[in-house]
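Visitor: Annotations per Swiss-Prot:
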- 2-42: domain 'UBA' (DOMAIN)
- 2: N-acetylalanine (MOD_RES)
- 38-212: region 'Disordered' (REGION)
- 42-52: compositional bias 'Acidic residues' (COMPBIAS)
- 86-122: compositional bias 'Basic and acidic residues' (COMPBIAS)
- 86-172: coiled coil (COILED)
- 137-177: compositional bias 'Basic and acidic residues' (COMPBIAS)
- 207: phosphothreonine (MOD_RES)
- 229: phosphothreonine (MOD_RES)
């Protein structure tokens with residue numbers, strides 16, 4: 001049975017002649033399977049139908065056509081050779097085999113593309129899970145840092161309160177000891193006096209207490225309040241700075257100047273007062289201040 005050439009087989013399967021010749025040429029004329037692989041891999045290339053610069057007949061290794069031969073010797077030799085002619089049944093059988101081969105190649109290509117798509121999807125999901133895990137870890141770290149900061153601030157506040165309580169207890173003990181010693185040193189009335197009217201004990205003038213800390217509560221314009229413990233010798237400017245840093249406005253916004261007022265007696269503190277210590281301003285051991293927006297001068 002005569003066989004179709006690779007070029008004829010590709011044309012029989014529906015490939016354009018120019019594309020089939022190009023496939024055979026670029027695969028080194030290694031057969032129909034190699035040419036079919038090339039055709040399926042490059043069917044979407046924009047230049048798949050562009051002709052090669054080298055004559056395809058030289059690359060394919062086929063004999064030149066009678067019109068390409070020069071001289072009477074060429075035409076005579078072409079006329080003397082006869083090409084085997086396939087019967088219709090042989091042509092159909094060979095075409096069937098080629099179509100089955102094309103279908104097999106197509107299935108292999110689809111399976112390969114499906115595997116690649118599945119692998120890309122797995123990669124996408126894996127990257128998504130890694131990104132989600134990284135975001136969750138970042139959120140957990142932020143929550144943990146915020147909780148640690150709150151615990152630290154609360155511990156500092158409790159420690160400050162404890163120091164104030166201990167100071168108060170020490171002062172009470174000192175006063176009690178001093179007061180008790182004065183009463184014990186007084187002489188009792190003579191026994192011969194039948195019934196002297198007891199005189200009230202002489203009151204010692206209260207000892208002026210020196211505080212080293214003061215507790216300031218600041219009421220903000222929105223109704224909220226801030227409470228903080230300062231050293232008695234700190235300047236009032238430290239309180240104003242604390243208010244400006246903690247009054248809850250968004251970072252980056254223009255903040256109005258802060259004006260501090262005392263509730264009772266009513267008093268507006270000036271810029272000169274900002275340089276004076278809290279003890280000198282009468283804000284020790286505790287005081288309530290009011291924040292008002294300072295009108296620009």
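In case you wondered, yes, glycine gets a Cβ from its N, Cα and C as well.
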Visitor: In the compositional bias 'Acidic residues' (42-52), how many residues does DSSP call helix, how many strand, and how many coil?
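Guide: Across the compositional bias 'Acidic residues' (42-52), DSSP assigns the residues as follows: 0 helix, 0 strand, 11 coil.
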Visitor: Report, as numbers and ranges, every residue of the chain located at least six residues beyond the compositional bias 'Basic and acidic residues' (137-177) whose Cβ falls under 8 Å of a Cβ in that stretch; write 'none' if there are none.
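Guide: Tertiary neighbours of the compositional bias 'Basic and acidic residues' (137-177) are 207, 209, 211-213, 215, 229, 285.
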Visitor: Work out, from DSSP, the number of helix, strand and coil residues along the compositional bias 'Basic and acidic residues' (137-177).
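Guide: So the counts come to 41 helix, 0 strand, 0 coil.
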Visitor: Provide the three-state DSSP residue tally for the compositional bias 'Basic and acidic residues' (86-122): helix first, then strand, then coil.
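Guide: Helix, strand, coil within the compositional bias 'Basic and acidic residues' (86-122): 35 helix, 0 strand, 2 coil.
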Visitor: Taking the Cβ of residue 229 (phosphothreonine) as the centre, how many other Cβ atoms fall within a 10 Å radius?
Guide: 17
